[in-house]
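Everything on this sheet refers to the single structure shown next.
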Amino acid sequence: MMSTHPKPSYRRILLKLSGEALMGDEPFGIDAKVLDRMAQEIKELVELGVQVGLVIGGGNLFRGEGLAKAGMNRVVGDHMGMLATVMNGLAMRDALHRAFVNARLMSAIELTGVCDSYNWAEAISLLKSGRVVIFSAGTGNPFFTTDSAACLRGIEIEAEVVLKGTKVDGVYSDDPVSNPDATLYKHINYDDILEKQLKVMDLAAFTLARDHALPIRVFNMNKPGALRAVIMGEEEGTLISKNAE
């Protein structure tokens with residue numbers, strides 16, 4: 001007998017969440033309600049049989065630009081940013097555990113007793129066994145964003161797509177906040193993004209994805225059900241890939 005349940009379009013994904021997404025309506029830090037909602041949405045994916053790798057930014061806890069302008073060394077600022085992503089990772093791991101989802105937190109910098117150090121083979125093995133793996137501390141190197149970390153880990157774990165959860169519905173022709181006439185792209189290729197100078201990710205992250213033909217889907221993480229819709233192959237957000245037919 002054929003199953004009537006629709007199957008997910010992806011088997012293994014890398015989900016990138018901005019630190020700001022965790023703030024919700026708070027001016028700073030982590031909004032517990034948002035954290036729990038995201039944990040529930042991730043739980044839905046796990047229950048559908050999707051293998052989930054997760055990278056979270058740190059902008060809700062630490063922003064290096066202001067301190068850099070005041071003279072702080074960029075490397076020091078980036079190290080602080082990496083630790084902010086570990087704090088977000090700890091919060092997310094805890095939220096997932098409270099939602100009865102098995103999750104493991106890995107860090108690109110060694111933090112004995114707090115979380116595991118990043119190990120590629122172990123990450124693959126955990127994903128295969130249905131655990132959510134949270135990759136924190138970025139790439140472990142300064143001058144690289146968490147978007148670069150998301151693309152790097154996505155390539156390493158052979159994710160089929162990087163899903164970038166943002167505060168807007170996808171990639172627009174212009175800033176939708178300042179220009180209400182900006183149009184939302186449904187499907188666009190890497191070269192068009194570069195040519196039109198659309199802000200999706202920093203160049204290092206974006207070219208890494210392009211060079212490895214890793215598709216990126218940008219969607220609104222604050223829209224309930226959007227993540228599931230993406231996983232089920234619906235036209236949610238913007239798909240960036242090699243060909244945009």
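Using N, Cα and C of the backbone, Cβ positions are placed for all residues, glycine too.
In three-state terms derived from DSSP, Gly59 (ATP binding site) belongs to neither a helical nor a strand segment and is classed as coil. Counting only same-chain residues six or more apart in sequence, the Cβ atoms lying under 8 angstroms from the Cβ of Gly59 (ATP binding site) belong to Ser18, Gly19, Glu20, Ala84. Here Swiss-Prot flags Lys16, Leu17, Ser18, Gly19, Gly59, Arg63, Thr166, Tyr172, Asp175 as ATP binding site, drawing on sequence analysis.
Within the same chain, residues at least six positions away from Thr139 (UMP binding site) with a Cβ under 8 Å of its Cβ are Ala108, Ser148, Ala149, Leu152. Annotation comment: Swiss-Prot describes Gly58, Asp78, Thr139, Gly140, Asn141, Pro142, Phe143, Phe144, Thr145, Thr146 as UMP binding site, evidence class sequence analysis.
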Item to complete: Using Asn141 (UMP binding site) as the reference point, find which of the binding-site residues Lys16, Thr166, Asp175 has the shortest Cα-to-Cα distance to it.
Response: Lys16
Worksheet item: Within 10 Å of Thr166 (ATP binding site), Cα to Cα, which of the binding-site residues Gly58, Phe143, Thr145 are there?
Response: none
Worksheet item: What is the interatomic distance between the Cα atoms of Phe143 (UMP binding site) and Lys16 (ATP binding site), given in whole Å?
Response: 18
Worksheet item: Within 10 Å of the Cβ of Phe143 (UMP binding site), how many other Cβ atoms can be counted across all chains shown?
Response: 11
Worksheet, complete the sentence: CB neighbours within 10 A of Thr166 (ATP binding site), counting all protein chains shown, number 20
Fill in: Inter-residue Cα distance where the pair is Lys16 (ATP binding site) and Thr145 (UMP binding site), in Å
12
